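Annotated features in Swiss-Prot:
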- HIS127, HIS131, ASP137: Zn(2+) binding site (BINDING)
- 162-194: region 'Disordered' (REGION)
- 165-182: compositional bias 'Acidic residues' (COMPBIAS)
Amino acid sequence: MMEQPSTNLTADVLIDEEAEPDLSIWFGCLETARTELAQAAIAAAAVEGCDRGSVGVRICDDATIHPINREFLQHDYPTDVISFPYELEPPMVEGELVASFETAIENASEPSNPLSPREELLLYVVHGTLHIVGHDDQSPEPRAAMRRAEIAAMKLIGIELPLSNDEDSAPEQDDSFDDDASDSSGGIMSGGVS
């Protein structure tokens, strides 16, 4: 891990019980997992000049993220990460995200993916945090800007992402990366949705 920038931004990490065995293996122990996941959120916010406020990070399984995806984004399938931005007035940011460790395992197993499940999950936290701080990936130009921010944030935490063929553009959109759920009322850190 590289040294993190000075910040008054906190990142609280909740790891669901189902994720604990895998994360203990990937990160060495749960405390290291919490620390690295928090650092990923803080790094992503810092890339966009947000260094005050809080980001909640919840790591869950596909069975947990599926109904959240259905309720807030009307997508009836599990996904990798969903963001809930609550307030953004840089340098202040408030939001939460939920990410699936099982989707990280599945996506990291793809032959074309050079990332380990640990790195894939850290990328989900970075990606979700970038949605919280205002990034969009629904069209090519914003998607390319988001990809550059992902590369910068991952580098801050010591992970080099592979560049696309054209360094200034993002790879084809990965449909597993979801929009933010900005119309939501939140509550993902408490372990459920209404």
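Even glycines carry a Cβ here, placed using N, Cα and C.
Keep in mind that what you see is a predicted model, and the values were worked out from it rather than measured.
All features noted in Swiss-Prot, drawn onto the structure.
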residue : record              : Cβ within 10 Å
HIS127  : Zn(2+) binding site : 27
HIS131  : Zn(2+) binding site : 25
ASP137  : Zn(2+) binding site : 22
